[in-house]
Structures are given as C-alpha cells and as structure tokens.
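One structure is given here, and the rest of the page talks about it.
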Amino acid sequence: MKLDQVARSLLLKEFVSGFVLAMKYFFKPKATINYPFEMGHRGPRFRGEHALRRYPNGEERCIACKLCEAICPAQAITIEAGPRRNDGTRRTTRYDIDMVKCIYCGMCQEACPVDAIVEGPNFEFSVETREELLYDKQKLLENGDRWEREIARNIAVDAPYR
C-alpha cells in the first residue's frame with residue numbers, strides 16, 4: 001500500500017488528470033457571452049416587461065373584460081372600466097400593474113381575448129425607486145408603442161402553437 005502511494009506521488013497522477021481535464025475545457029468554445037455588448041437569443045415566448053397594445057388605427061385593444069385581473073395569481077393588476085360607449089364597447093379608465101408583485105407567469109397574456117396585454121421582449125428595466133415599478137395605463141401603452149413591431153412578430157411566430 002505504501003509503495004502504491006509513493007508511485008502515485010512520483011508520477012503526479014492526480015495533477016496530470018486534473019491538468020488534462022482543464023486543457024479539455026480550455027480549448028472548447030466559450031459558453032458565456034459578454035452581456036452588455038452581446039445579447040443572448042430570446043425566444044418568441046420570452047416574458048419581459050408588460051405592454052398594452054393598440055390596433056393599427058391607434059385605438060387601444062383592451063376591452064375592459066377584467067380577465068387578466070381575475071386570473072393574476074399575484075393580484076398585481078388593477079382595472080377600472082369606463083361606461084359603455086355608443087357602439088356598446090368598453091374601455092379602461094385605469095389599468096395599473098404593480099411590477100413588484102408580478103411573478104411574470106404570463107397568465108394575463110393567455111387570458112386576454114384580444115391580445116391587449118402582453119409581456120414584451122424588454123428585460124432591461126431597472127429603476128431606482130419602487131414607485132417607478134408601479135405601471136399605469138400610459139406607461140403600458142408607451143411600452144406597447146415602443147415594442148409593437150417585435151411583439152407582433154413574436155405573436156405571429158408563436159401563433160401555430162397557441
């Protein structure tokens with residue numbers, strides 16, 4: 001037994017096996033990206049910052065059905081509906097999302113019958129105060145206007161699987 005230990009230490013078996021393993025990984029392609037300068041791929045089902053969408057004519061899509069508010073497990077969505085219009089439709093007077101409470105589960109997006117509320121492609125929305133994470137209707141509509149092209153493309157790509 002002692003002779004075996006002497007042979008191992010003289011031949012540096014552990015060192016050589018560790019060195020071989022390190023060299024194997026040293027020459028493989030890198031698995032990480034240089035984040036601020038390179039962006040990783042985000043699939044069409046990526047769930048990022050929330051947005052309210054509009055129809056091509058500029059009218060907001062939300063019909064104040066409150067399904068998203070009812071299905072939200074975190075109770076992060078608050079909606080107030082206005083009175084019915086002459087054409088029988090309703091629109092929201094207040095649409096708030098508390099992004100601190102939101103768990104980004106996507107259930108609001110799945111429940112919406114008109115694809116009004118979506119989780120967009122943006123994941124870089126750090127803020128300095130908690131109040132900035134209380135999104136009102138105007139902020140959500142601005143997000144929708146900003147990301148509409150990419151949101152529409154993601155919905156079109158994902159449509160066969162819905």
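Every residue gets a Cβ built from N, Cα and C, even glycine.
As annotated by Swiss-Prot, domain '4Fe-4S ferredoxin-type 1' applies to 52-82, with the evidence given as sequence analysis. Taken from Swiss-Prot, the feature [4Fe-4S] cluster 1 binding site applies to C62, C65, C68, C112, supported by sequence analysis. Here Swiss-Prot flags C72, C102, C105, C108 as [4Fe-4S] cluster 2 binding site, drawing on sequence analysis. Among the features that Swiss-Prot reports, domain '4Fe-4S ferredoxin-type 2' is placed at 93-122.
For the domain '4Fe-4S ferredoxin-type 1' (52-82), the model gives a mean pLDDT of 96.
Nearest in space to C105 ([4Fe-4S] cluster 2 binding site), taking C-alpha to C-alpha distance over the binding-site residues C62, C65, C68, C112, is C68. Take the binding-site residues C62, C102: by the count of other Cβ atoms within 10 Å of each Cβ, the lowest one is C102. Here the domain '4Fe-4S ferredoxin-type 2' (93-122) has long-range neighbours at 42, 45-53, 60-63, 65, 67-68, 70-82, 130, 133-137, 140, 143-144, 147, 150-151, 154-155, meaning same-chain residues at least 6 beyond its ends whose C-beta is under 8 angstroms from one of its own.
Across the structure, C102 ([4Fe-4S] cluster 2 binding site) and C62 ([4Fe-4S] cluster 1 binding site) are spaced 19 Å apart at their Cα atoms. For the binding-site residues shown (C105, C108), fewest C-beta neighbours within 10 angstroms: C105. On the backbone, the CA of C68 ([4Fe-4S] cluster 1 binding site) and the CA of C108 ([4Fe-4S] cluster 2 binding site) stand 4 Å apart. Listed in sequence order, the residues I63, A64, K66, L67, E69, I79, C108, A111, P113, V114, A116, I117 complete the 8 Å Cβ shell around the [4Fe-4S] cluster 1 site centroid, once C62, C65, C68, C112 themselves are left out. Same-chain neighbours of the [4Fe-4S] cluster 2 site beyond C72, C102, C105, C108, judged by a C-beta within 8 angstroms of the site's C-beta center, are, in sequence order, C68, I71, P73, A74, A76, I77, I103, Y104, G106, M107. Of all the binding-site residues listed (C65, C68, C72, C112), C65 has the fewest other CB atoms within 10 A of its CB. The two recorded residues C65 ([4Fe-4S] cluster 1 binding site) and C108 ([4Fe-4S] cluster 2 binding site) have their Cα atoms spaced 12 Å from each other. Rounded to the nearest whole angstrom, the C-alpha distance between C112 ([4Fe-4S] cluster 1 binding site) and C72 ([4Fe-4S] cluster 2 binding site) is 11.
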